[in-house]
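Below is one structure; the comments refer to it alone.
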Amino acid sequence: MASSISHRKTRDEYKKEKELDEARKAGNAPAELDEEGKEINPHIPEYILKAPWYLNANKPSLKHQRGVTKKEMDKGWYLRGATTGEAATKFRKGACENCGAMTHKTKDCCERPRKLGAKFTNDDIKPDEVIQKLELDYDSKRDPYNGYDPSSYKEVMDIYEKADTERKKKKLQELIKQHGGGGDKKTPDVDETLSKELMDNEEKEGSYDSETVAPIQKLDQKSRTTIRNLRIREDTAKYLYNLDVNSAFYEPKSRSMRDNPLPNANPNDIKFAGDNFARTSGETKEFRDLQRFAWEAQEKGQDVDISSAPSQAALLHADFLRKKEQLKQQTRNQLLTKYGGEEHLLKQEEIDKVPQSEIYTEYSSSGKLIKGEEKIVKSKYEEDVFLNNHKSIWGSYWENGQWGFACCRQLIKNAYCTGEKGKLLREKQLQQQQQHHIQQENQQDDDDNNTTTTTTTTTTSLLEQHLNKSNEDNDKHNKKEGKRKDKKERKEKEEKLKKALKDQDEENKKSVEKDERNIKYNSLSADDYNVSEEQMEAYNLKRKRSDDPMANFKDDSD
């Protein structure tokens, strides 16, 4: 079945092979064996079981499907300083000219360069090194500690141990000086106490707990930067906030957790709400609104682009929002004027918060003050109390030494509010009182003068009539003269303006005909340097305005 047969199979051979395969699959015949004597599964497809033609496999096998066995690599390292035997006595041809060894050339020699090499002196010829051929794998070649001798580190440990013993001796001498033990004689008890104290000090210096973190940070400026850059051990990593196996919030490649890992938890208790929280903070909402406005404007045919003209887009968006707010306010005002109900939209006054105080006060169950200072009353009168439907408090109005209400100007405390009508009635009442008072004074004056002026009334009245008539005639004459003068001045002014306009036209024509470089300088030393009002008005009427949009307008319809 799986063997590569050189000759062509006959029909009967092919039929027998198929029947044998069916029997093996049904378990009626034993399974086929490979080169190593292992059974081959009869259910393996033929395209997997057949070996390629270039392998020349004469027997059924699955060897071509198995992985290539890895060659066993050396795990050791090169022997350091190993030699093959004794050194030569004479220089050999092809050896190193410096040391005389045959295993390397002169340029690769690791010996100290000699003034005269072994080639010329035949002295101190070095033995040949052992050349090893190690087949190292990928990891062995790149292992930095491959071939390292751990016993060589003992020298470093000895140096540190010597330094530690010297430090302990010095510390012990300082403790002896502190305890006043300057003499050479020492008791064993003193030595034990001092050594115990020395051990305690070393344990305290080596310990590092949460209580000593703050003092360590204030040691010097060099240690501050190091400690600040270290991550606090109490910090929780992002991926530890959500340990649900079925969730896909945390992305290890970018080390980001965009969504909230605990959506069902209380927002006040969550310390981390996802990386998307930062994207919706700050001015991101304003930028999103601006981008939406630009897209909608482009759909409607307006040229608005944030990338090419951000300032223009921002100004257009601000103008759009302002007009939108105006339109909204306009419709609101129209609805309120039509249907009313503005009083229901007013916000309630905020309740004043109780101010905090450090004064200790204690009250009894009945509400009586036991400890603390009593509150000083600002006024003996009740504040903000509106009596009898008044809109203002009692004492908001003052008139003739009496207090009253400012809303209706009532001077009686128990009176009900009469509103604006009460104000009008009060004003009328005051006017009537004033008129009545004036009439009484006039009547008293008339009664006093009636007796003295009865005889001279007729003569004085005729004289007054004559004087009044003459004064009226003079006033009429003066009015006519004034009108005549005004008319004359108006005519003179119109004539002067016409003359000034004519002169200005001539001057404009001259300035057009002449070259600008030949125009003389208008000096104030000329005779007619004083400009009149008519000349100034003519100049303003005839002056060309370049900024006027209708200056060059021509009507082509005629």
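Note that Cβ sites are derived from N, Cα and C of the backbone, with glycine treated the same way.
Listed in Swiss-Prot:
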type: REGION; residues: 1-41; note: region 'Disordered'
type: COMPBIAS; residues: 10-25; note: compositional bias 'Basic and acidic residues'
type: ZN_FING; residues: 94-111; note: zinc finger
type: REGION; residues: 428-532; note: region 'Disordered'
type: COMPBIAS; residues: 430-442; note: compositional bias 'Low complexity'
type: COMPBIAS; residues: 450-465; note: compositional bias 'Low complexity'
type: COMPBIAS; residues: 466-478; note: compositional bias 'Basic and acidic residues'
type: COILED; residues: 474-514; note: coiled coil
type: COMPBIAS; residues: 479-488; note: compositional bias 'Basic residues'
type: COMPBIAS; residues: 489-519; note: compositional bias 'Basic and acidic residues'
type: REGION; residues: 539-558; note: region 'Disordered'
type: COMPBIAS; residues: 545-558; note: compositional bias 'Basic and acidic residues'
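Remote same-chain residues near the compositional bias 'Basic and acidic residues' (10-25) are listed as 1, 31-32, 42-43 (criterion: CB distance under 8 Å, separation of at least six residues from the stretch ends). Residues of the compositional bias 'Basic and acidic residues' (10-25) grouped by DSSP class, helix first, strand second and coil last, total 15 helix, 0 strand, 1 coil. Mean per-residue pLDDT, taken over the zinc finger (94-111), amounts to 94.
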